[in-house]
Amino acid sequence: MTDLRITEAFLYMDYLCFRALCCKGPPPARPEYDLVCIGLTGSGKTSLLSKLCSESPDNVVSTTGFSIKAVPFQNAILNVKELGGADNIRKYWSRYYQGSQGVIFVLDSASSEDDLETARNELHSALQHPQLCTLPFLILANHQDKPAARSVQEVKKYFELEPLARGKRWILQPCSLDDMDALKDSFSQLINLLEEKDHEAVRM
């Protein structure tokens, strides 16, 4: 092999090494999903979302109107629109449903019977709403660390989820601020449902 050929070979190898080390380009963008988060005042929506965003609990203030948080995960970014849960706000929830790709419903599993009944009615209404009924639902039975907390099975039976949500994509999970691993796993399951819905839309 001539000196020129040897030089060309080394230059080409240098070029390949340069491409491998320096020209990988940016990593692929994570998919983003727009979600709506609803639940009664005191259910813990704001605290859960703030903890997922690594925000200080000292700065948490209950949402009175609505707020938006970008919640980052390894394989997706969830743009969560949280709606206040007070009596005078809930009647306006449906105005903010448009464009949602999934729903997070947070309930206080240790609440009074009256509040639990109200939460059940609101969840039933959301599951049957024309803009939400085909979307994946993540239902979080929050405050599992409290002595009066109902179990997931009790919540499922009381909320009549099996007959009402049959044929829909939904997940019911226990949660509390003390168990972030379980909370993150719940959201990972929701992301899987969102991805499945995306793939189905592509095949159609």
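Cβ coordinates are placed from backbone N, Cα and C, and glycine is handled just like the others.
No curator has checked TrEMBL annotations; they are predicted automatically.
The GTP binding site annotation in TrEMBL covers Gly39, Leu40, Thr41, Gly42, Ser43, Gly44, Lys45, Thr46, Gly85, Asn142, His143, Gln144, Asp145. Long-range Cβ neighbours of Ser43 (GTP binding site) (same chain, at least 6 residues apart, Cβ-Cβ under 8 Å): Gly85, Val106, Leu107, Asp108, Ser111, Ala119, Asn142.
Counting only residues at least six positions away in the same chain, the Cβ atoms of Lys45, Thr46, Glu82, Leu83, Gly84, Gly85 sit under 8 Å from the Cβ of Thr63 (Mg(2+) binding site). Residues annotated as Mg(2+) binding site in TrEMBL: Thr46, Thr63.
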Densest Cβ neighbourhood among Thr41, Thr46 (binding-site residues), 10 Å radius: Thr46
